[in-house]
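Visitor: Following this message is one structure expressed as structure tokens.
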Amino acid sequence: MRTYRYFLLLFWVGQPYPTFSNPLSKRTSGFPAKRKALELSANSRNELSRSKRSWMWNQFFLLEEYTGSDYQYVGKLHSDQDRGDGSLKYILSGDGAGDLFIINENTGDIQATKRLDREEKPVYILRAQAVNRRTGRPVEPESEFIIKIHDINDNEPIFTKDVYTATVPEMADVGTFVVQVTATDADDPTYGNSAKVVYSILQGQPYFSVESETGIIKTALLNMDRENREQYQVVIQAKDMGGQMGGLSGTTTVNITLTDVNDNPPRFPQSTYQFKTPESSPPGTPIGRIKASDADVGENAEIEYSITDGEGHEMFDVITDQETQEGIITVKKLLDFEKKKVYTLKVEASNPHVEPRFLYLGPFKDSATVRIVVDDVDEPPVFSKLAYILQIREDARINTTIGSVAAQDPDAARNPVKYSVDRHTDMDRIFNIDSGNGSIFTSKLLDRETLLWHNITVIATEINNPKQSSRVPLYIKVLDVNDNAPEFAEFYETFVCEKAKADQLIQTLRAVDKDDPYSGHQFSFSLAPEAASGSNFTIQDNKDNTAGILTRKNGYNRHEMSTYLLPVVISDNDYPVQSSTGTVTVRVCACDHHGNMQSCHAEALIHPTGLSTGALVAILLCIVILLVTVVLFAALRRQRKKEPLIISKEDIRDNIVSYNDEGGGEEDTQAFDIGTLRNPEAMEDSKSRRDIVPEALFLPRRTPTARDNTDVRDFINQRLKENDTDPTAPPYDSLATYAYEGTGSVADSLSSLESVTTDGDQDYDYLSDWGPRFKKLADMYGGLDSDKDS
């Protein structure tokens with residue numbers, strides 16, 4: 001225990017007075033024998049010129065955390081006006097007065113009633129005053145004094161965090177800074193060593209160390225490898241009293257993680273890989289995946305794959321999957337089983353991020369061998385070109401050969417190939433192809449002005465395996481031939497002023513041509529020969545594909561001729577020369593003195609109605625012609641009749657009569673009744689066709705009723721049955737023509753052509769027995785016989 005000694009300090013100003021210090025009835029054991037006192041001094045009228053002080057100070061000191069059962073004695077107040085007769089009374093006010101601190105009003109002794117804690121409040125400021133007990137008036141001015149609490153080591157160091165988290169790179173050098181921990185002590189740092197903290201490590205050696213005064217944690221072991229151990233837990237102790245025995249202490253935990261550095265190269269788990277791929281794999285097709293392992297993490301574990309050597313480095317490629325860090329082997333160029341069946345590659349895996357200080361560990365890369373086997377597949381035919389371009393003149397005849405395409409089976413079997421045109425690209429079937437040799441020829445006439453380019457597709461198909469086919473575009477350009485005549489660029493209708501002068505330009509002509517000659521268009525203009533001699537206008541060719549219409553005389557009269565029609569011949573200079581005639585309409589108009597048209601109508605000079613004599617004559621002539629035409633048409637209609645098959649006896653030849661009337665369809669039940677074929681007796685005499693207008697109203701001629709023709713009926717039934725059972729018949733309604741003539745005639749053939757082939761004479765007398773219908777024929781042949789006999 002520390003011994004505290006307090007001394008009675010008396011300060012006097014002016015004439016000194018005796019001091020009385022009576023002990024209190026209750027004293028705290030263990031306190032110093034001498035008491036501390038503050039004395040109050042009276043007013044002095046000494047020769048000193050400065051003003052006196054009523055209170056002379058000293059500080060009271062009190063030990064914290066008092067554990068005794070009695071009140072703790074603090075000190076004593078005393079005034080120099082106190083005579084000891086009980087006339088004065090001491091009063092205490094300020095921090096804790098009356099509650100924490102009490103004073104004996106007679107003696108001025110101060111005591112602490114409660115246990116004090118310096119960490120809660122280290123200093124108390126109080127005010128003391130002495131007053132007259134009888135009058136209550138103060139005999140001394142009120143003054144302040146201080147009670148300071150002395151510290152004891154009653155607080156242990158406390159860390160600012162319960163748990164610290166820190167990281168440090170693996171393979172760090174010894175002494176590398178990790179983290180700094182800090183502990184605070186609530187005790188008084190200015191009094192003794194109660195607040196002096198010292199740090200030490202309780203757990204975490206030999207990997208880490210801590211500086212005792214600063215709390216800085218550093219690495220203490222060389223080459224700590226994250227791949228072996230990543231997490232460390234370190235316990236740090238902070239102890240006050242400078243770390244001496246009896247000091248209070250606190251601890252904290254520091255979780256330290258080793259961060260990764262690139263200290264491990266990638267490694268393939270095996271030295272050889274083998275994959276298979278069909279030869280039909282297009283470029284970019286993945287074949288297989290390889291992966292090298294790396295013990296590092298994050299960007300230090302990133303791997304780049306590359307093909308460094310091998311016979312197939314031009315045919316294959318390798319890319320890196322950024323998510324899985326795998327190397328993907330892909331096809332770079334088209335493969336051909338017939339050319340090469342096996343490829344060998346050397347693939348290398350390396351780290352893109354390398355730390356130079358670890359290069360001494362060796363190269364940060366590894367390599368493996370990849371063997372790729374190409375499988376054979378049945379491939380479609382391959383054309384000799386990716387596209388074909390052909391040319392043909394537009395005047396080429398049908399079946400003209402344009403060119404040819406060639407394709408062959410790339411497989412070892414070399415299967416034969418046939419060619420065809422994709423008709424979706426040649427809907428009009430303008431071109432065709434020889435299926436055997438691939439020759440392209442025309443099947444229709446061409447016209448460059450209609451379509452300059454024809455883009456079709458040719459298909460090559462294996463004969464043995466039609467599923468294997470390939471296509472190639474074929475571009476056919478139609479070359480120009482001068483087969484179009486030039487013509488006016490527009491319809492020309494101009495005017496000429498009545499007062500126009502000779503050789504005056506009234507219109508500029510331009511022409512166009514659908515053809516496209518190699519040297520460009522060169523048109524020539526001239527008047528048609530029939531109009532060149534007596535024309536009132538001339539054509540001037542400007543030699544630049546334009547021409548001008550010039551007046552040939554001075555002055556025009558619109559009353560004499562209001563409109564001129566000029567036939568102009570336009571020719572080109574290509575081979576063969578093409579020309580056309582266009583008509584230019586020129587109206588005679590009245591113009592002002594600036595040449596601007598005012599009126600182009602010819603006023604009547606004789607008739608006030610506005611029509612000239614010529615116009616009236618033309619109108620009357622038209623009316624007469626129209627009436628004559630109507631009369632002739634009516635007469636022809638009235639007199640029209642059918643001509644006989646044979647006009648005279650001398651006109652002996654076969655005559656073919658065409659019956660080409662068609663029915664009105666399924667809904668027309670009156671045009672023809674097919675029931676007559678089955679039962680001719682059911683035909684109605686008075687039934688007429690409703691689908692056509694009869695030319696004349698003739699009474700129907702009654703014909704004798706024929707018997708049922710079973711021969712025709714059997715023939716139609718047989719043909720119907722054949723069509724119903726025909727598997728190649730179309731699945732829709734179709735027209736079937738039954739050209740049946742019957743089983744023969746009792747009169748045999750009536751043609752005169754057969755008579756020429758017979759050597760002997762024929763007897764035609766039997767024709768007279770056939771009735772009046774054959775009378776004309778009997779007369780003709782009978783007459784010939786009589787002439788011959790004569």
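Cβ coordinates are placed from backbone N, Cα and C, and glycine is handled just like the others.
Note that the structure is predicted; figures quoted are calculated from it, not measured.
Annotation source TrEMBL lists domain 'Cadherin' at 79-159, 160-268, 269-383, 384-488, 488-610. Here TrEMBL flags 260-291 as region 'Disordered'. Summarising the annotation, TrEMBL assigns compositional bias 'Polar residues' to 269-279. If you look up TrEMBL, you'll see 615-636 marked as transmembrane segment.
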Visitor: When you scan the chain for residues with a C-beta under 8 Å from the region 'Disordered' (260-291), skipping those not six or more beyond its ends, what do you find?
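Guide: Sequence-distant neighbours of the region 'Disordered' (260-291): 169-171, 225-227, 297-298, 300, 303, 305, 316, 321, 324-337, 347, 349-351, 353-355, 358, 361-377, 379.
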Visitor: In the region 'Disordered' (260-291), how many residues does DSSP assign to helix, to strand and to coil?
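Guide: For that range the per-state counts are 0 helix, 13 strand, 19 coil.
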Visitor: Do you know the mean pLDDT across the domain 'Cadherin' (79-159)?
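Guide: Result for the domain 'Cadherin' (79-159): average pLDDT 83.
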Visitor: From the DSSP assignment alone, can you count helix, strand and coil residues within the domain 'Cadherin' (384-488)?
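Guide: Across the domain 'Cadherin' (384-488), the residues distribute as 0 helix, 47 strand, 58 coil.
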Visitor: I'd like the per-state residue tally for the domain 'Cadherin' (79-159) from DSSP, helix first, then strand, then coil.
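Guide: So the counts come to 0 helix, 37 strand, 44 coil.
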